[in-house]
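In TrEMBL this protein carries:
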| type | residues | note |
| --- | --- | --- |
| DOMAIN | 7-175 | domain 'FeoB-type G' |
| TRANSMEM | 225-248 | transmembrane segment |
| TRANSMEM | 254-273 | transmembrane segment |
| TRANSMEM | 285-314 | transmembrane segment |
| TRANSMEM | 334-358 | transmembrane segment |
| TRANSMEM | 370-394 | transmembrane segment |
| TRANSMEM | 400-428 | transmembrane segment |
| TRANSMEM | 470-489 | transmembrane segment |
| TRANSMEM | 560-583 | transmembrane segment |
| TRANSMEM | 603-629 | transmembrane segment |
Amino acid sequence: MDIAVRPARVALVGNPNSGKTALFNALTGAHQKVANYAGVTVERKEGIIRSASGRSLSVLDLPGTYSLRARSPDEEVTRDAVLGKLVGEAEPDAIICVADATNLRLVLRLVLELKQVGRPMVLALNMYDIAQRQGLRIDLEKLQAELGLPIVTTVATRKRGIEDLVAQVENLTLTAARGETGEGGWHAPDASEIRAAHRRAEQIMRDCVRPPERPDTLTGKIDGVLLNPVLGLLILSAILFVMFQAVFTWAAPLMDGIEAGFGLLGTAVSAVIPDEGAWGLLQSLLVEGVIAGVGSVLVFLPQIVILFAFIILLEDFGYMARAAFLLDRIMGVAGLHGRAFIPLLSSVACAIPGVMAARVIEAKRDRMTTILIAPLMTCSARIPVYTLIIGAFIPQQTVWGFLSLQGLVMFGLYVAGIVSALTVSFVIRKVFWRGAVEPFMMELPTYKVPDVKSVLFNLWLRARVFMERAARIILPLMVLIWFLSTFPYPPEGATGAPIDYSFAGMIGHALEPIFRPIGFNWQMVIALVPGMAAREVAVAALGTVYAVGDVDASVTALEALRTTILAQWSLATGLSFLAWYIFAPQCVATLGVVKRETNSWGWMWVMVAYMFGLAYLASFVTYHVAVALGGGAVGG
Ligand SMILES: Nc1nc2c(ncn2[C@@H]2O[C@H](COP(=O)(O)OP(=O)(O)OP(=O)(O)O)[C@@H](O)[C@H]2O)c(=O)[nH]1
Ligand SMILES: [Mg+2]
């Protein structure tokens, strides 16, 4: 085979949380997610780099594993990639085994196993900064000799040792016989072989590594407090609570600013484009459709950024694995595996990475349960809908002088999502899949001070995803909604609002009977339909449906919408809409990922059915209880 044609392929293999992805990012300049807990990476990612001598290398980031005896789907990806069993992919030309230098014991066993595969390999002793700070003494030469491997020390987050590593890899791929196939000598080891490898690893540890002079006592001390069964849970609740208060109170001034900006933009465009004939149509499309629609969603950016600032800081600090540990008992009662915590937490951003993160769960039933309930967690696309309704119906006042009432209601909605997820899991595991949940083992990472630059960068990535959704999904849908609610024009001498005669009006009126029992009017029904593509579109769609035909330039679009909703919906209807949004599977993309991850249409439809069922039921009950309690009056 001609070496020049195909770049040499290198795979990053190592224990979870050892810094493989950080190294991958440092090597390739990619921006894959890095965080301080095990199981961040669940699929293979490839990137191309160019070495100093100008050759290109293809680098593969893989999920972390302790052994090639894979147990969970993410570990299988790693095993198959290393052994060249992935479809359409040969085995890598070289392996970079990534080790957390402060935690060598476990990785040595993996190194011994990887050596049997017979690929050229280099050991990257990552987190070398921490090792040095602790005064850990590793006899590199001896270790190199014992293992028979070149060793490079690296600090992935500071891009240290990267050139060295690339040079070593290049060296390996040049000298090794290329294009060789076959599985090398790896086979699943039996119990005695595992014990032998264990003994060998222990002996290497004794020979080459002296315990640290300044061991990390801080992690132990902090854990003494944070993992305390009572105090720990109190602190966790307090953190979550502050988080939601902050989302509401800190974001408010920023949101006002963005809203005002879009208001000005709308006014400016109205001033430039005349309001007559075809120009009038264009003006209406741009101002009422596009600017008001996209603006009414982008306004929520500050809330999303604040929420993620909290989550990213906690992740990088190393707290999330602790939260999983603290909640393991509660989750166990609900029939959930402890490892479900991270997938469920990821679902607070979006159910899609959440469903994918479930790959770290070994037992199929535990994993399926987690996937089925992940979309019940409150994702960030629900924030605009929740905030709109809360802003319309819940007065802006404080409780006990310091708590924002709106923030409290928002917190309540998140809790409602969590409680329903746990309840559904409980029912699944008690009714359909009886049996014990597999025991939970997760290494607790050491605490690390979050790196400001990487936190800011991650925050920017989150913000960008949200803004890209606005451009890619919401903008085109807004054009469509504007079209449907503008045409056809009302007939001569018509008395109702123009939208009554439009396509959107027809669709809304046709579907309304289904939703009348849960208190929805036809305008809401129109908003639900494009809301299937992305939840937050419903907010923009409501804006269009209600605002088409009359624009009052003195208030911003969101304010106008709040006022309209307050005037046209009863409190019962507003609450019913919130209840609907807790449960309804209003997101086609999530359903697609569920189909892919479960490899079954059946499970996807089960999810659609149970979530719509719950949504309808919850809204029905909410609506009728609220009406019975006197919340049925419109215009209150
Ligand atoms: N101080 C220090 N921290 C590092 C270094 N490399 C990585 N980290 C941190 O270690 C944590 C884990 O890094 P990741 O790159 O996500 O680890 P991973 O091996 O890809 O983890 P999985 O995908 O879960 O298997 C993150 O908090 C990183 O910021 C390093 O060299 N020094
Ligand atoms: Mg990773």
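Glycine residues also receive a Cβ, built from the backbone N, Cα and C atoms like all the rest.
TrEMBL does not curate its annotations; it predicts them automatically.
Given the structure is predicted, the values throughout are model-derived calculations rather than measurements.
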Confidence summary (mean pLDDT) of the domain 'FeoB-type G' (7-175): 92
Same-chain residues near the transmembrane segment (254-273), Cβ under 8 Å, at least 6 residues beyond its ends: 279, 282-283, 286-287, 291-292, 294-296, 298-303, 551, 553, 555-559
The transmembrane segment (370-394) vs the transmembrane segment (285-314): 3 or more CB pairs under 8 Å: yes
Contact between the transmembrane segment (225-248) and the transmembrane segment (334-358) (3 or more Cβ pairs under 8 Å, separation 6+): no
Which of 285-314, 470-489, 560-583, 603-629 contacts the transmembrane segment (400-428) most, counting Cβ pairs under 8 Å: 560-583
Long-range Cβ neighbours of the transmembrane segment (560-583) (under 8 Å; 6 or more residues past either end): 296, 376, 378, 382, 385-386, 388-393, 413, 416-417, 420, 518-521, 523-524, 535, 539, 542-543, 546-547, 552, 611-612, 614-616, 618-624, 626-627, 631-636
